[in-house]
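Heads up, here are the entries from Swiss-Prot:
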| type | residues | note |
| --- | --- | --- |
| ACT_SITE | Tyr139 | active site, proton acceptor |
| ACT_SITE | Lys177 | active site, proton acceptor |
| BINDING | 11-12, 32-33, Lys39, Lys54, 75-79, Asn92, Lys143, Val169, Lys177 | NADP(+) binding site |
| BINDING | Asn168, Arg179, His186, Phe200, Gly201, Glu202, Tyr203, Arg213, Tyr292 | substrate binding site |
Amino acid sequence: MTIIVTGAAGFIGSNLVKGLNERGETNVIAVDNLTRADKFHNLVDCEISDYLDKQDFLARFARGEFGKVRAVFHEGACSDTMETDGRYMMENNYRYTLSLMESCLEQGTQFLYASSAATYGASQVFREDREFERPLNVYGYSKFLFDQIVRRRLPSALSQIVGFRYFNVYGPRETHKGRMASVAFHNFNQFRADGTVKLFGEYGGYGPGMQSRDFISVEDVVKVNLFFFDHPEKSGIFNLGTGRAQPFNDIAATVVNTLREAEGKPPLSLDDLVQEGLVEYVKFPDALRGKYQCFTQSDVSKLRGAGYSERFLSVEEGVARYCRWLLERNG
């Protein structure tokens, strides 16, 4: 039976296609916008049955041209939190997603889509409740508004609708994202280019490099998506993080020590890395004051309550694995 992945040439989308392939699923239609042509690299080692541009796909799917479709993984969106064109953002992230969901409901197709932790904005609590949702930008609002529609539709929906509020995802196939790529990716490139990783100094009551995020490996993101794919009776909106915040220091130390290991050098403690100038702290930029979250940590109790019980990779495990993957491909 056919499976459709939108945003298939993107970061999470291409990892999902690869994850489906590893389970023997090759009847996968990839949907994307290859205006950024270099994204095609993410699909070179994937098996797909067809490729469609996002503009052609929506109407054809609504007409039922692809026959019985088991599931749509909707990862396609504008994920640039700095985008200021609100009309574009709402059309791309909200209206397109709404039309796609309606078609899935009409056809009895599982609909699994990407929401975002940006729906929480400045909140200090990251739980899937309306009272904690305070998006700070139009990207977060586009995701928030669609989640609100989903909540209205869930009681009457006859097929699965699942939204995943991704926290800070890192891992293979994100090179094309540029400045929006993960901290791990940027730390890796910075250290290889300059021999040091620079982190923010003290800010917001947090010591140098101690501002923390819920960093999750794309490997775990794929596993959770496929868990719900296997359980079409489960619907809802779920946080998708590890449930554990880790400081940027952990990312930097793991990146540097993994690269040192590749050169046959022993690992160093954070203090030693700082002492040797391999990790440096810079003054917190004035432009970010009052606009920067110093701490995020997903509440994954709802996800666990839905039956997902696998352990998530820590930064030390996942980032090290990712750095080795980057080394294999970049030499």
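Glycine is treated like the rest: Cβ placed from N, Cα and C.
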In whole Å, how far is Asp32 (NADP(+) binding site) from Gly201 (substrate binding site) when you measure between their Cα atoms?
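Here the two Cα atoms lie 39 Å apart.
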Checking your reading of the structure: which of the recorded positions Tyr139, Lys177, His186 lie inside a 10 Å Cα sphere centred on Lys39 (NADP(+) binding site)?
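So far as Cα distances go, the recorded positions lying within 10 Å of Lys39 (NADP(+) binding site) are Lys177.
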Any idea which of the binding-site residues Asp32, Glu75 has the thinnest Cβ neighbourhood at 10 Å?
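The binding-site residues Asp32, Glu75 were compared, and Asp32 has the fewest Cβ atoms within 10 Å.
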For His186 (substrate binding site), identify the closest of the recorded positions Phe11, Glu75, Ala77, Tyr139, judging by Cα separation.
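Closest candidate to His186 (substrate binding site), judged by Cα separation, is Phe11.
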Compile a sequence-ordered list of residues in the same chain as Ser79 (NADP(+) binding site), six or more apart from it, whose Cβ lies below 8 A from its Cβ; state 'none' when nothing qualifies.
Ser116, Tyr139, Lys177, Met180
Among the binding-site residues listed here (Lys39, Lys143), identify the one with the smallest other-Cβ count within 10 Å.
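Lowest Cβ count within 10 Å among the binding-site residues (Lys39, Lys143) is Lys39.
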For Asn168 (substrate binding site), which of the binding-site residues Phe11, Asp32, Ala77, Lys143 has the nearest Cα in space?
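For Asn168 (substrate binding site), the closest Cα among Phe11, Asp32, Ala77, Lys143 is found at Phe11.
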Return the residues near Phe11 (NADP(+) binding site), defined as same-chain residues 6+ apart in sequence whose C-beta is under 8 angstroms from its C-beta, sorted by sequence, else 'none'.
Asn42, Val169, Gly171, Arg173, Glu174, His176, Lys177, Val218
Counting only residues 6+ apart in the same chain, whose Cβ is under 8 Å from the Cβ of Ala77 (NADP(+) binding site)?
Gly7, Asn92, Asn93, Thr97, Ala114, Ser142, Lys143
Can you grab the distance from Tyr292 (substrate binding site) over to Glu75 (NADP(+) binding site)? Cα atoms, rounded to a whole Å.
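Cα of Tyr292 (substrate binding site) to Cα of Glu75 (NADP(+) binding site) measures 25 Å after rounding.
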Return only the integer: C-alpha distance in Å from Asp32 (NADP(+) binding site) to Tyr203 (substrate binding site).
39
In angstrom units, rounded to an integer, how far apart are the Cα atoms of Tyr203 (substrate binding site) and Glu75 (NADP(+) binding site)?
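Between the Cα atoms of Tyr203 (substrate binding site) and Glu75 (NADP(+) binding site), the distance comes to 34 Å.
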Among all the protein chains here, how many other CB atoms are within 10 A of the CB of Tyr292 (substrate binding site)?
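I count 13 other Cβ atoms within 10 Å of it.
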